[in-house]
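Taken from TrEMBL as is:
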ACT_SITE  177  active site, nucleophile
ACT_SITE  346  active site, charge relay system
ACT_SITE  375  active site, charge relay system
DOMAIN    57-102  domain 'Partial AB-hydrolase lipase'
């Protein structure tokens, strides 16, 4: 959930380079190959020879302009768009770059491309690649008036619809952390599930009753979310001075051991390469909204997987009910194949909450449980290729629409 809060304590007040060179709007849909020769080229791909495409301005029904990245094949492939489309959805305070942040041999985005998949990378509203709107700017309060509910109902719908229209094929969905919250909520909506052939969820979250991360619990206990909203802070950006002050305020009161801040936020991680912190700091964290944090904290406080709670009268106006309607996991079609990978050290996607999620589904997901893995390990572990991705890809291969041309 709050995995990348970690970076703010490590000096994010200093300037940091962006992972994808900022695109020029007139170069929409440009494709570049080989070494860095075009500012559309993402810096993460400079050492590698991957075909990379940036699709700008996928517009949501509520006016947000989202960016998609696209890798149609691996470094030795041909751009014939015959591989099955797979859509990668990042977690909280992350962008699509999280799928490429390790080496080509360790990052899921590269590995999928090299194994014949047509890889599409989502970037939700508010991240550095999706900061456009048809009416508002990032300086407007209404630009940040959303939570993961809108990410599921609007952002995923827009991005998946684009891929579905382009490929004329059902999509394999892969999400991590908040990307699984979005996915599970979205899969209750028929207009989205009709586009999905299978879903693989890393650190799946629908309930947060058993969160044990000390940093997160302290922030919940302090009512940090409500304080920030009351003070008028609607953008939550841990690269800002305010973001650093927020972390300091939690760390300095003696309730949280911030000497190991990552563990206090996510739980222990077995295989995260701490020597690459400076590298990771070039790419993360991305901004989110305070309302999104408030919604996540509502889940912790109430033990529900439901829409945003606006209070009694607000709920009546928006939902016609005093309480926010739940996302009913039993309404996810039994015919949708699902795979879940989760770890025994995860202090956010707790094993008890994962078990509750599985129990409420009509189908029986394939499960990969790794007792020594934490929340970050499933996307950043240097061992994840062997520990996680081999099993994940086997699941995807069996449910892929289209041919696979593996270069491994």
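Cβ atoms are placed via backbone N, Cα and C, with glycine included.
Nobody curates TrEMBL annotations by hand; they come from automatic prediction.
Taking H, G and I as helix, E and B as strand and the rest as coil, DSSP gives the domain 'Partial AB-hydrolase lipase' (57-102) the counts 5 helix, 16 strand, 25 coil.
Neighbours of residue 375 (active site, charge relay system), defined as other CB atoms within 10 A of its CB across all chains, total 31. For residue 177 (active site, nucleophile) paired with residue 375 (active site, charge relay system), the C-alpha to C-alpha distance reads 8 Å. In this structure, the active-site residues under consideration are 177, 346, and the one with the smallest number of other Cβ atoms within 10 Å of its Cβ is 346. When pLDDT values are averaged over the domain 'Partial AB-hydrolase lipase' (57-102), the model yields 89. Calculated from their C-alpha atoms, the gap between residue 346 (active site, charge relay system) and residue 375 (active site, charge relay system) amounts to 5 Å.
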